[in-house]
Amino acid sequence: MLILTLITPDLYFSPAGSKVLEAFLTITYIDAANGTATRTVIGILALQGAFVEHQAALEKLPSSIRPEVILVKTPEELQRCDALIIPGGESTTIALVARLSGVLHPLKEFIKVKPVWGTCAGAILLSEAVENAKKGGQELLGGMSITIARNGWGSQVESFEAPLEVDGLRNAEQPFTGVFIRAPVVLKLNPTPTSPPIKVVSKLSPDLLPPSLSSPDHSGEPKIFVALRQELTEDNRFHEYFVKECVLSSKNQQR
């Protein structure tokens, strides 16, 4: 299960999990093998980027769903995790450090079987093809059948914030402030019979798209995505959504 926070005119999760949670879901579950209570562990890839901000957001969740949070730098730490967050930052640096530290291949294997959420640089790493990559190319983790472009709006000075209505969040009628910092743009979906589905949960006003992407050539069905930075706001409803809809629902399905 992969989750990207993506917008274009539309914000997508993949697959976000449309299942309604039963009231008994909690962050602790019983291991059927030995009958012991086990707390859910969510890792945050801590090689570079805004991993501390993600950690703070998770630790502010209600105690009933608050996971054990660990910062992941090694294959051994990754092995402990039930789910993973790949933060915003510099995607090429994260990939390079992952390779040098021996965690790149374990990450690729983890993504195949566990819930993973990528924000901004994390979304780039979860894609299968990148445009505007740095000279020499871009190492990717893969998992999402999309083509993505780095720095969709251009330089740092083009960063912005925008209120978003996001279906599925608690108090969905309350806008979520999307933070877009040198945000990547997903240019193309490349679905295959075995690729995960994509669900629209929010729309970004077309007038906020880069001029080159808001032309008549890009009208009709949404085809352009951008990644926002939830960890840089005080609103942790996306983190709550990830824990409830992706992590806990996945673990309960495995019971």
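The backbone N, Cα and C atoms fix where each Cβ goes, and this holds for glycine too.
Source: prediction; values computed, not measured.
Residues annotated as L-glutamine binding site in TrEMBL: G89, E90, S91, R150, I181, R182. The secondary structure of G89 (L-glutamine binding site), as reduced to three states from DSSP, is coil rather than helix or strand. Within the same chain, residues at least six positions away from G89 (L-glutamine binding site) with a Cβ under 8 Å of its Cβ are Q48, G49, A50, C120, A121.
Same-chain neighbours of the L-glutamine site beyond G89, E90, S91, R150, I181, R182, judged by a C-beta within 8 angstroms of the site's C-beta center, are, in sequence order, G49, G88, C120, A121, I124, N151, P184.
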